[in-house]
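K.L.:
Below is one structure. I have some questions about it.
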Amino acid sequence: MGGLKGTITKNITMQHPLLHTVVAFRRTRLNRLFTISYMITIFALLYHHLLNLANSTNVFSLSMFLVDLVLAFMWTTAQAFRMSPVRHEIFPEHLANTMRESDFLALDVFICTMDPLKEQPMTVVNMALSVMAYENPTEKLSVHILDDGGS
């Protein structure tokens, strides 16, 4: 059964080559273990702050509780990226095998310029040349350079 599954997967990838792969890092379990221990510490800190607030109505204790609550919220929202770290590998060379040029979307690129003393003109030229090197059909690629004429 396992050999048949490998054959089916091989045939599918030969007909439609992969455009990208996602590989999970080995440190995922270590990250989750660290997150759990850190979360327990945060809960203990917030519990300590609540006990201090119950015993006294000090403004300093209330402000420290609110600050730690905000920081705990910020830490919690950042954990989504650390719970399952992955590495993406893309294969743009397979795109020509899976799509026709007529299926490409039209692309408009706007390059805004500013004072040439703050942004060197060569930087703008390099940016425009980089965009024009995209492997997109020329009739579906538009590059617009916007200058306010201030200098």
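Quick reminder: no glycine exception, Cβ is built from N, Cα and C everywhere.
The structure displayed is predicted, hence computed values, not measured ones.
Okay, these came from TrEMBL:
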| type | residues | note |
| --- | --- | --- |
| BINDING | Lys118, Glu119, Asp148 | UDP-alpha-D-glucose binding site |
| TRANSMEM | 33-51 | transmembrane segment |
| TRANSMEM | 57-78 | transmembrane segment |
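Show me how these features fit into the structure around them.
P.N.:
Neighbours of Lys118 (UDP-alpha-D-glucose binding site), defined as other CB atoms within 10 A of its CB across all chains, total 8.
Through the fold, the transmembrane segment (57-78) approaches residues 38-39, 42, 45-46, 49-50 of its own chain, all at least 6 residues removed from its boundaries and within a Cβ separation under 8 Å.
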K.L.:
Mind checking which residues reach the transmembrane segment (33-51)? Cβ under 8 Å, same chain, six or more beyond either end.
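P.N.:
Same-chain residues near the transmembrane segment (33-51) but 6 or more away: 61, 64-65, 68-69, 72, 75-76, 79, 82-83.
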K.L.:
Around Glu119 (UDP-alpha-D-glucose binding site), how many other CB atoms lie within 10 A of its CB?
P.N.:
13
K.L.:
Have a look around Asp148 (UDP-alpha-D-glucose binding site) and count the other CB atoms within 10 A of its CB, chains all included.
P.N.:
9
